[in-house]
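All remarks here apply to the structure that follows.
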Amino acid sequence: GTSDPYVKFKLNGKTLYKSKVVYKNLNPVWDETVVLPVQTLDQKLWIKVYDRDLTSSDFMGSAFVALTELELNRTTEQVLKLEDPNSLEDDMGVIVLNLSLAVKQGDFKRNVSGLGNQIYSWNVWVSCCQLAFQSSFMRSVRLSDSLREKQLWNGLVTITLLEGKNISGGGLAEIFILLKLGDQRYKSKTLCKSANPQWREQFDFHYFSDRKDMLDIEVWRKDNKKHEELLGMCQVDVTALPTKQTHCLELPLEKHPGSLLMLIAVAPCTGVSISDLCVCPLGDPSERQRISQRYCIKNSFRDIKDIGFLQVKVLKAVDLLAADFAGKSDPFCVLELGNDSLQTHTVYKNLNPEWNKVFTFPIKDIHDVLEVTVFDEDGDKPPDFLGKVAIPLLSIRNGKQSCYTLKNKDLERASKGVIYLELDVLFNPVKASIRTFKPREKRFTEENRKFSKKILSRNVDRVKKITMAIWNTIQFLRSCFLWESTVKSVIAFVVFVVTVWSVELYMVPLALLVLFAYNFSLVKTGKVNNTQDAQASKELMGLDEDEDEDDKESEKKGLIDRIHMVQEIIIAVQSILEEIASFGERIKNTFNWTVPFLSVLACLVLAAATVVLYFIPLRYIVLIWGINKFTKKLRNPYAIDNNELLDFLSRVPSDVQ
């Protein structure tokens, strides 16, 4: 029920000035004074009001002042009625201005044309209300308290979607759920038609205690023709739920039979902040000591979800891309860690902006990647992309100021400009290891993937590399069996007999540990370079303009239904190939020590498995595993199924990543 209004002053369609944003206010007071240079008085000064959004702005009405009606050297108060011909609202509100017209001192010119008229350069003094002047420089570099409050969440709403009851969509339709809280959206996995579908998925929403957002839950069906239809919906007032409790709710659907069973918990969240450099949290030795103590080893089993703490100093950027016609940009930064997002203020008309802000995030997964994106603010239009960097948390060197080259949206090629950041990460390794074997956090709803010839070709090549490695292994074994090389076959035969005769089950993880140790020695001696595969992937990513044009043409042809069906099949094949290639590359990169933290964790697990298998008979281990699986549902009816091995591998980057 509120808006975040700001004002633009325009002459001849050109924006001469933009006011600050007054957040959450339908009766804003700007208290700003601005001087606008005017060449002639036979024009109108337009005043346009917009509602600011993070990605775009909504028009709220406009008014104009005819400059010929202003009296020289006299201040007049104007109460202007806002109008919007495209709006159904009769009353758009009013804006109050104090205006004064004056001749600009020392700027008298004489026209040399045939008419010989004298042309004066005028100044229009505009005061939005009538209080003190505020420097535009101070306004551009100071992040207002209201902007901070709008970004900072103070709680988490954790929703576990369990199952549906007596939901009948008819036919063989598939069913999925959309969950919305404010501008946050999640989409559940799509299940085949069943009256009682089982989802068992968990979603985390940011909670703002000062907002009265309702949790909207929608049930959708999708038939074989990809037609989607809303079956039913329900709402939950999150603000009415007590905090620090888990509530089991069965929510009946509106205008449709059936209900949804889910768990909802609202918990406070700390560790999110925006501040100036002079008051950064880790800059205070006592505060740093307190945070370090929170994540020390002895607190490993206290608040198991609190993995760590990230501090990001966004200092400055240099030599950014010019996005405006005047050769300047209005840059601001957006920092994203998983689903968490914070934003700096905008520095106007500058290609070398200095933000000097400190952001802190709670870490929910040590394998997350911090993404810092620089945008150019474009008023009422969506912001323009200037560059982006992606930094894995495990690669951060604490307290070291680093210069990062900005890249394009896909992080494939370098863009123009660099950004200076200083990062600190504190985390508990035990909590981080436990979290590694649990499902990754789901991302907010994103756009559907499109067919790309480049990605399909890259995935085919990646799968081909893995297939060739397997094929070469098979050929090696075949050559041993065929005695193509007597020495090689004799050695292989002796190794086979000794292995089969003396092998014990505990030797399997032990052999994998030996492989880890061998690859570690190669990495340390420099005989293996982990960047080689990455370079090969970059080569696969290279694409010229002709191929981009081909992709655009194929998208146009996709308007035909039959080709659209073929494209959907190709997209599915493209995704399957990517999953297969990524799976093989992640296994390889685990043994290659690409991410040392994960390789060390795998070594610890394999060492433990070796000891367990050595001392405990296999039948006991299988018995314990089976009892655990059979009784898991009885011990925790709302448990979410997961595969620890796949969850671990999901944290290992593929070659492309």
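Just so it is clear, glycine is given a Cβ too, placed from its N, Cα and C backbone atoms.
Per TrEMBL, the feature domain 'C2' maps to 1-80, 139-251, 285-406. The feature transmembrane segment is assigned by TrEMBL to 490-518, 595-616.
Beyond the ends of the transmembrane segment (490-518), by six or more residues, the same chain brings 477, 480, 591, 593, 599, 602-603, 606-607, 609-614, 618 to within a C-beta distance below 8 angstroms of the stretch. The helix, strand and coil residue counts that DSSP assigns across the domain 'C2' (139-251) are 13 helix, 57 strand, 43 coil. According to DSSP, the secondary structure content of the domain 'C2' (1-80) in residues is 3 helix, 44 strand, 33 coil. With helix defined as DSSP H, G or I and strand as E or B, the domain 'C2' (285-406) counts 16 helix, 61 strand, 45 coil. Across all of the domain 'C2' (1-80), the predicted model scores a mean pLDDT of 85.
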